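Peer 1: Dumping the structure here so I can ask a few things about it.
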Amino acid sequence: MVEAEIPADHPRHDSLVTRHRVEAGVEKGITSRQGLIAQGRGEAFDYLLGERTIPSADAAARAAAAHLLLADHPVVAVNGNAAALVPAELVDLADAVGADLEVNLFNRTDERIRAIADHLREHGAREVKGMAADARIPNLAHERAKVDADGIADADVVLVPLEDGDRAAALADLGKVELVIDLNPLSRSAQVADVPIVDNILRAVPRITAHARDLADADRAELERLVAEFDPDATLAAAERAIRGGDLDYSSG
Ligand code: PTJ
């Protein structure tokens, strides 16, 4: 079955779309093969969450939007999974909040960086950072630490979808506000985030953009209130409760 043939009402719709896109990403040289494994882990958590955006994840998406709108220099980091899954949606989000897009890879190769930058341009991106790699995140091994001096190194707020735990921790140590999309509330990335969004990137990115558009005319005080009232620990606890709650019907397979 090709992606277009997946019925919208299929009970495992998001999971099937995600599999197709990650597979296509590997074929196109965008996604690493490890990305397939990462996807499998994410999918297991999405299954347990009922493949839906839980209310705490929606509130986190709104707080993330407020952070991005308040930022002096917001950057949206893009890895091989994110690029395969939501390229147009990432471009749209960056436009909505005035953020830079920066390709930033765990398994870094120049070839893959270029392929991802081209892929984002095919989906409407004008400028894509990540090739300069002229700065380093301290306390990380060489290749994984590379970032752009005028991109992530200079950012005050960074959105990192599906980040590896070490790098998420290293970025948090730099004092940047870190917004993380990760379906696993127990992952270190989610645990160190200022705003953990426990949701499928497929649903989370358009939702952050929708909140950003909704908040576009909000005054600074309102955005600051949203940020101040957000509680990352309560958000992670709510996601864990949803996973353990057992109020879902898993009979669809
Ligand atoms: O493209 P690269 O080289 O930068 O590599 C990207 C991956 C994702 C392979 C790399 O960062 C990695 O190995 O990540 P981890 O340590 O496997 O962590 C990925 C996290 O993302 C896990 O906690 C998964 O639960 C989560 N995840 C996977 N798919 C999704 C997801 N979260 C949200 N939406 C998804 N579709």
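In case you wondered, yes, glycine gets a Cβ from its N, Cα and C as well.
Positions annotated as ATP binding site by TrEMBL: R19, R41, D182, L183, N184, R188, S189, N200, I201.
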Peer 1: In the structure shown, with every protein chain counted, which of the binding-site residues R19, N184, S189 has the densest set of Cβ atoms within 10 angstroms of its Cβ?
Peer 2: S189
Peer 1: Max Cα-Cα distance in Å among R19, R41, D182, L183, N184, R188, S189, N200, I201, the residues listed as binding ATP?
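Peer 2: Pairwise Cα check on R19, R41, D182, L183, N184, R188, S189, N200, I201 gives a maximum of 24 Å.
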Peer 1: Using all protein chains shown, find which of the binding-site residues D182, I201 scores highest when you count other CB atoms within 10 A of its CB.
Peer 2: D182
Peer 1: Going by DSSP, is N184 (ATP binding site) sitting in a helix, a strand, or coil?
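Peer 2: Once the DSSP labels are grouped into three classes, N184 (ATP binding site) ends up as coil.
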